[in-house]
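Asker: Checked TrEMBL, it gives:
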type	residues	note
DOMAIN	65-225	domain 'Glycosyltransferase RgtA/B/C/D-like'
TRANSMEM	15-33	transmembrane segment
TRANSMEM	115-133	transmembrane segment
TRANSMEM	165-197	transmembrane segment
TRANSMEM	209-228	transmembrane segment
TRANSMEM	272-294	transmembrane segment
TRANSMEM	314-330	transmembrane segment
TRANSMEM	336-355	transmembrane segment
TRANSMEM	367-391	transmembrane segment
TRANSMEM	397-413	transmembrane segment
TRANSMEM	425-443	transmembrane segment
Amino acid sequence: MLKMVSVFKKQEYSFLYILLLIVYVIGLFIPLMENDSAQHATMAMRMYLENDFLNIYRGENPYLDKPHLHFWLSALAFKIFGVYHWAYRIPALVFTFSGAYACYKLANELYRKESGHFAALIFLSAQAIFLANHDVRTDAVLTGAVILSLWQLVCYINHEKLKHLIFGAFFAALAFSTKGLLGVFILGVCTLSYVLYKRKLVLVFNWKSIIGLLVFVLSISPVLYAYYYQFDLHPEKVFNGQKNVSGVKFILWDQSFNRLTSHGFKPTSPDYLFFFHTILWAFLPWSLLFYAALFTRIKQHINAKFKYVNMQETLTSVGVLTALIVMSFSKFKLPHYLNSIFPVAAVLVAGYILFLKENNKTKALSIFLKTQYLTLGLGSVFVVFLSIWAFNISNKVFIIGLLAFVIITIYFFKKNYATHKKLIIVSVLFMVLINYCLNYQFYPNLLNYQAGNNASKIITLENINSNNVYILKGKQSWSLEFYAQKNLQRISANKLNTLEKGTWLFAYKQQLDTLKTQVNFSKKHEFKHYRVTKLKFDFLNPKTRHKTLKKAYLLQIN
């Protein structure tokens, strides 16, 4: 007897988006992690507190690395909402969901309409994208800007309307203003592959391209001016032991090419396959489908000798593969460099799933679905267990929410959707369940072991004047500064004897142990500390955790 296949209605797509949004919103309220997230938030806070948007400082030193846009947006959020960690994350969330909308529109432009929702859901449910919205760096804004630009540029290539080129150039400028040439490179490679495949190279030499270039240059000019103002106008400033440092030259050339050669950066990985195996976890639960889609599409293009075929494109396959290969030759690699590729990868996977469905590849779809059941089922059990085992549950709301998500997952699991749709639905629901546990239970408890957070609570509770709080040089505590809502003063070890009685000093035990002179104090607050981004089993195990913890102190000088 044949079972009736349930129709997946528009309202059910909306329901999945709402569930994803709930988990993302929960992530807004996780305390900030050190180093980068808390550091960037503190740098943006300085802009807001001092009303200085032209200069970027990392602590007391000029900052010459990431461009200004991420910090400007965060400082603007502080102006509107106040200095809160959830306010810092608002721009990232806005660009992420704008990016999801661009995924939806781009997939519809390249494939059939149904692929749009698939692409948006795939993008929003990728693990690296969840992570990028609470451990917020520059990548969430960059990722949204890249896919928004790519969508508009594809529309321009297909329809040749000037408005699409203008918007494409503007969003490309936002990508540049967030992280330099990385986003522009990904856009260039993907767009060029699409132009060549569509046999529309003539568009590159069209008069409209000049307008697009002008829009791009005008849109990046605020960042260029800020670099010029902070560095080029002040050749006397010393940065990395050098004078006459040009900020404009840095962002237009040095930033990206120095990373490729590791000049000025410590090489992070000599592994040329680093990005290819990082995708396995970063693009969960879609990584296996991504590799299958990439292989299939490249094979199809080779078999067709790259002749144009309707409903096929090279943007998401040849473009993405080329970007990955070039990036792999960089000597400075970090996992989050992949994030701006993931929305394009989401469109690739969405198109591939529809390809399997339309070509009656039921066996392949069934294998992928069973693989998702196995990996995500085990993954969900592991994350739920880890969240409860590693940290005691102190909030009954977490249990109620967990039960609700489990019931919802089982409900959709039992419905008899078409295999290709069930593949999407089940994968999204499992990722919602996993990240609900991480965002509500695991990360908030984990960050109780970040000393700066707890020291800032003492400053607030005891009404300590933050002007009288110093950080011992040698080790940063960005979370302390952010939650104290003050760019705190640093002091070197050889000047501790100059501190007045009653002032406060924050330091880690390792620093105090190396001091040649003893610090006399009248009051001491002790905090447990762990580098929360470097998790190890001994820390996660409650029985052995005490062995891994270090100490930090807030001392009132006597």
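For all residues, glycine too, the Cβ spot is worked out from N, Cα and C.
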Asker: Taking the transmembrane segment (115-133) as the reference, which of 165-197, 209-228, 336-355, 397-413, 425-443 gives the largest number of Cβ pairs under 8 angstroms?
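Answerer: If we count Cβ pairs closer than 8 Å to the transmembrane segment (115-133), 336-355 scores highest.
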Asker: Which sequence-distant residues neighbour the transmembrane segment (209-228)? Criterion: at least 6 residues beyond either end, Cβ under 8 Å.
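Answerer: Residues 53-56, 67-69, 162, 165-166, 168-170, 172-174, 176-177, 203, 247-248, 250-252 contact the transmembrane segment (209-228) from elsewhere in the chain.
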Asker: Do any residues of this chain, six or more beyond the ends of the transmembrane segment (272-294), have a C-beta under 8 angstroms from a C-beta of it, and if so which?
Answerer: 122, 125-128, 317, 320-321, 324, 327-329, 333, 335, 337-339, 342, 345-346, 348-349, 351-353, 368, 371-372, 375-376, 379, 427, 430-431
Asker: For the transmembrane segment (425-443), give me same-chain residues lying six or more residues beyond its boundaries with a C-beta closer than 8 angstroms to one of its C-beta atoms, as numbers and ranges.
Answerer: 8, 12, 16, 19-20, 22-23, 26-27, 30, 121, 124-127, 130, 134, 284-286, 369, 372-373, 376-377, 379-380, 383-384, 386-388, 390-391, 393, 395, 398, 401-402, 405-406, 408-409, 412-413, 417
Asker: What residues in the same chain, six or more past the boundaries of the transmembrane segment (397-413), come closer than 8 Å to it by Cβ-Cβ distance?
Answerer: 19, 384, 425-426, 429-430, 432-433, 436-437, 440-441
Asker: Going along the chain, which residues at least six beyond the ends of the transmembrane segment (165-197) come within the CB cut-off of under 8 Å?
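Answerer: Residues 66-70, 138-139, 141-142, 145-146, 148-157, 203-204, 208-209, 211-213, 215-216, 218-220, 222-223, 251-252, 255-256, 306, 308, 313-316, 318-320, 322-323, 326, 337, 340-341, 344.
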Asker: Could you pull out which residues elsewhere in the chain have a CB under 8 Å from any CB of the transmembrane segment (15-33), counting only those six or more residues past its ends?
Answerer: 41, 85-86, 88-90, 93, 96-97, 120-121, 124-125, 130, 133-135, 405, 408, 425, 428-429, 432, 435-436, 439-440, 443-444, 447, 450, 453, 478-479, 482-483, 532-533
